[in-house]
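Quick look at what Swiss-Prot annotates:
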type	residues	note
DOMAIN	20-151	domain 'Cyclin N-terminal'
REGION	252-283	region 'Disordered'
COMPBIAS	272-283	compositional bias 'Polar residues'
MOD_RES	Ser275	phosphoserine
Amino acid sequence: MAGNFWQSSHYLQWILDKQDLLKERQKDLKFLSEEEYWKLQIFFTNVIQALGEHLKLRQQVIATATVYFKRFYARYSLKSIDPVLMAPTCVFLASKVEEFGVVSNTRLIAATTSVLKTRFSYAFPKEFPYRMNHILECEFYLLELMDCCLIVYHPYRPLLQYVQDMGQEDVLLPLAWRIVNDTYRTDLCLLYPPFMIALACLHVACVVQQKDARQWFAELSVDMEKILEIIRVILKLYEQWKNFDERKEMATILSKMPKPKPPPNSEGEQGPNGSQNSSYSQS
């Protein structure tokens, strides 16, 4: 783990400007509304979470995989690489970077196939069409895009420090931790430093648990306007999420999503440089 966030590639290269992020997204917003794009974000975060849990990965590994996924599509259209392939690729890479240990090829493909069939069959009625050669090639493109900047800082550690400083660990930590997990369904991890996200989640937890922490927050040397911006995004997430029926909506949204060329049959697959350019698009 790099010692200082302010000197890290996370801060120097991967805290993005919101307007630049929206500009990069315009290609996809020709096919999807902003609300549909947001629902895709929630959905694929759920896929990564379910896959990570199936593989018994730590939450930090799952969070890192989610950040990798978001970084890729912050720079490229959904059409460039199928998100159904990118999701397990991000899990595969994150498990190595976070020193959890390499998930074996067979186990990764079996887990992805099982999770999509049992948890997300309403969205993916067909078998998972990719094999390990696709994952490895996708990993190459992901590494290239991130320029091998693989260390990701998360809000979990600062959150622990803050609740301990408050002396409210038992009351606030479980709820604030869950709120941090939920923020990965938004763009917040691309836009704000993790310590600010931690403070915003803690603030929301204090309000929900009716803990008066105004004095504690007032003593912080932090831009509270930015904390309030993050809180507004969190509240908007919960407001929209409660009206989102994944089972009814996702098949239609996925059908509208811009896609690369169709995947090949499992026999005689070829990568993006072969005659069957399955999961990648150069456009």
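Cβ from N, Cα, C; glycine included.
Regional average pLDDT for the domain 'Cyclin N-terminal' (20-151) in the model is 95. With helix defined as DSSP H, G or I and strand as E or B, the domain 'Cyclin N-terminal' (20-151) counts 91 helix, 1 strand, 40 coil.
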